[in-house]
Every structure is written in C-alpha cells, then in structure tokens.
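Heads up: the structure comes next, in structure tokens.
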C-alpha cells in the first residue's frame, strides 16, 4: 500500500520513513508546503466572504418580496439554504483546519464537516433533479393540464432533503465513515480503504449509483425531451412568442445551473471513483485536494446564476439594497420567474 491507514484516517503517503502522523493531532507539512495550506485557507476565506452574503441575500430578498414566492423559486431557495449549510457548517471548519495544517477538531469535527459538505452537495443535486422534472412536466406536458403548484414544490423540497440525508447520514451511524482527505484539512466519504468493519465498499457503490448516476440519468433524460419539445413547438408556432421566450429563459437558467454543477462536481466524483477502484495505488495529496476544494465553489454559482439571469429577482434585490428604490428605474414584474407557473408549451 502506498498510503498509511490508521484509526479513522488514511494518509496518501507511505510511512516507510516513519514521518506520517495522525491528521487529527499533528500538522501535515510532510504532505505539502506551508504556503500550500495557506492558499487553501485563503481560498476558503474567499468562499465564505462570497458564499454567505450571496446566499443570505437570496433568502432575504425573497422574504421581503412576496411576488418572488413562486413554486419554482422554492426549489431555488432550497439551494440557497443548502449552500448556507455548507458555508456555516463546512467552510468555516475547513478554513480553521487549513490554517493549522491538520484537522484540529478531531474525528467528531470530521464527521460534522463531512456530513455538511455531503448534505449540501446532495441537496443541490436533487434540487436540480426536481427542477429538471418541473421543466419536463411544464414544457413537455406528459400529463395534460398539469400545473406545478405549491404542493408539488413542497413535495420536491421534501424529496431533496430525504435523499440528501439518505446519502449523508449513513457514515455517521456505521455504514462507511468520514475521514480527512487530500491534504487532510477537509473530510469526505472514505473512498480509500475497504474498511469491511463498516461495509465501506457497499456504501460507496450505493452512493455512486443512487446518489450520482440515477440523478444524472433523470436530468439528462428530462432535458433531452425538453430540447426536442421546444424545437418542435417553435417550428410549428404552437405558442405565442412571449410564452416561448419565457420558457426558454427559465430553461436556459436551469440548464446553466446543471452545467455549472457538473463542472464543479464531476472532477471530484471522477477522482473519487478512480481512488475507489484503485485502492492502495500511488497518488499524492494534491490529487484529491484540488477537485475537493473546487467542488466547494458550488456554494456560490447557483445564486449568482439566479441573480444574473432572473430580471425580476435582480430588480427586487436592487430595491432591497437601495432602501426601497431601484436605481435602474426598472420595476417590471412580468418576468421569467413569474411566467413559469402559467407557461404551457405543448408537445408536437
């Protein structure tokens, strides 16, 4: 084995020279230079400084403006809540551990940080699944005269949390475990060791199939059908230009969110799968650190995409920030988000 396994940890560094120490007790400077840990700390500080105000502002603006409380926006707000969990429960911990170059909070802190990171990522993924299904049902209309209402949104929210907890909670109760990964400053599911005492391999397979592959299949199926339907409807002019434009704008926003999710999380999932299928092989700490920390940027992109692509929300945000006045003078209410409930692009 090209790494060193201990109680509740696996360090990707051979202990032939006797330098490996527990990542819960000693700085890991034998894995990387001090400046590299400083870079990680600075990066986490940046994510916190951006992630908290952006996601909090998303929630606050929606509470302040009743016209933003639409069923589709409930799902988007769910993403903001998940991101705040990641920022407050995970990023602050990782910032502090990076400053000390080891996981100073011990196995319990590792469990909490790993749980919040996994929970936030899974809520984001399953929220995108719900958004994809909503787009498919509203645009493709497999069920005649179906409207995505408040009850459907609440059911979608419940699904995201149930599925996210079904992925993030098992390592806390004995099915797999959370351990420090990469440079040992953040925690994730143990892809590195078989750990038969906690049935680790079965959990990783379950996680990749149920909580990654199946959601991806659903998302790609829904958008494949959606693209075909929108093209057919546009070609036959079955709906007004205004309705088609509204649907395209909402769909474009959600598709960009999916693409951004893939950009952030596929590298991490790919590296994790490689490590799982090549346990004991030689790889350095940076190999997992870069995709792991890059995936954390997902806490920022969703609200940024939402703010940039939703004119109604952008106007409400400016009104809130400027004490009730929109400096752009644009108070248009009828926008993409408000049209989502009533738009009906029929299939060919």
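Just so you know, glycine gets a Cβ as well, placed from its N, Cα and C.
The N-acetylmethionine annotation in Swiss-Prot covers 1 and rests on similarity to another entry.
Per Swiss-Prot, the feature N6-(retinylidene)lysine maps to 296. The Cβ of residue 296 (N6-(retinylidene)lysine) has 23 neighbouring Cβ atoms from other residues within 10 Å, across all protein chains displayed.
Taken from Swiss-Prot, the feature topological domain 'Extracellular' covers 1-36 (among others), and the record attributes it to a curator's inference. With a threshold of 8 Å between CB atoms, the same-chain residues lying at least 6 positions outside the topological domain 'Extracellular' (1-36) that come near it are 100-104, 106-107, 110, 177, 179-180, 182-185, 190, 192-193, 280-288.
What Swiss-Prot records for 97-110 (among others) is topological domain 'Extracellular'. Remote same-chain partners of the topological domain 'Extracellular' (97-110), defined as residues 6 or more beyond its termini with a Cβ less than 8 Å from a stretch Cβ, comprise 8, 23-29, 34, 37-38, 40-41, 44, 178-180, 183-187.
Residues of the same chain lying 6 or more positions beyond the ends of the topological domain 'Extracellular' (174-202) and with a Cβ under 8 Å from any Cβ of it are 3, 5, 8-12, 23-24, 28, 31-32, 36-37, 40, 90, 94, 97-98, 101-103, 110-111, 113-115, 117-118, 272-273, 275-276, 279, 285-290, 292-293. The topological domain 'Extracellular' annotation in Swiss-Prot covers 174-202 (among others) and rests on a curator's inference.
Here Swiss-Prot flags 275-286 (among others) as topological domain 'Extracellular'. For the topological domain 'Extracellular' (275-286), same-chain residues at least 6 beyond its ends with a Cβ under 8 Å from one of its own Cβ atoms are 1-3, 11-13, 28, 31-32, 36, 182-184, 191-194, 201, 204.
Residues of the same chain lying 6 or more positions beyond the ends of the transmembrane segment (37-61) and with a Cβ under 8 Å from any Cβ of it are 29, 68, 76-77, 80-81, 83-84, 86-88, 91-92, 94-95, 98-99, 101, 183, 185, 289, 293, 296-297, 299-300, 303-304, 306-307, 313, 316-317, 320. Summarising the annotation, Swiss-Prot assigns transmembrane segment to 37-61 (among others).
What Swiss-Prot lists as transmembrane segment is 74-96 (among others), and the listing cites similarity to another entry.
Annotation source Swiss-Prot lists transmembrane segment at 111-133 (among others). Residues 72, 75-76, 78-79, 81-83, 85-86, 89-90, 93-94, 105, 156-157, 159-161, 163-165, 167-169, 171-172, 178-179, 186-189, 211-212, 215, 218-219, 222-223, 254, 257-258, 261, 265, 295-296, 298-299, 302 of the same chain, all 6+ positions outside the transmembrane segment (111-133), place their C-beta atoms under 8 angstroms from a C-beta of that stretch.
Per Swiss-Prot, transmembrane segment is recorded for 153-173 (among others).
The annotation transmembrane segment is assigned in Swiss-Prot to 203-224 (among others). Beyond its flanks by at least six residues, the transmembrane segment (203-224) meets 122, 125-126, 128-129, 132-133, 135-136, 163, 166-167, 170-171, 175-176, 189-191, 255, 258, 269, 273, 276 of its own chain at Cβ-Cβ distances under 8 Å.
Marked as transmembrane segment by Swiss-Prot: 253-274 (among others). Away from its own ends, the transmembrane segment (253-274) comes close to residues 121, 124-125, 128, 131-132, 135, 188-189, 191, 208, 212, 219, 223, 287-288, 290-292, 294-295, 297-298, 301-302, 305-306, 309-310, 336 of its chain (Cβ-Cβ under 8 Å, at least six residues beyond either end).
The transmembrane segment annotation in Swiss-Prot covers 287-308 (among others).
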| note | Mean pLDDT across the topological domain 'Extracellular' (275-286) comes out at 85
| task | Would you mind listing the long-range same-chain contacts of the transmembrane segment (153-173), meaning Cβ under 8 Å and 6+ residues beyond its ends? | result | 71-72, 74-75, 78, 82, 111, 114-115, 118-119, 122-123, 126-127, 129-130, 133-134, 189-190, 198, 203, 207, 210-211
| Collapsed DSSP category at residue 296 (N6-(retinylidene)lysine) | coil
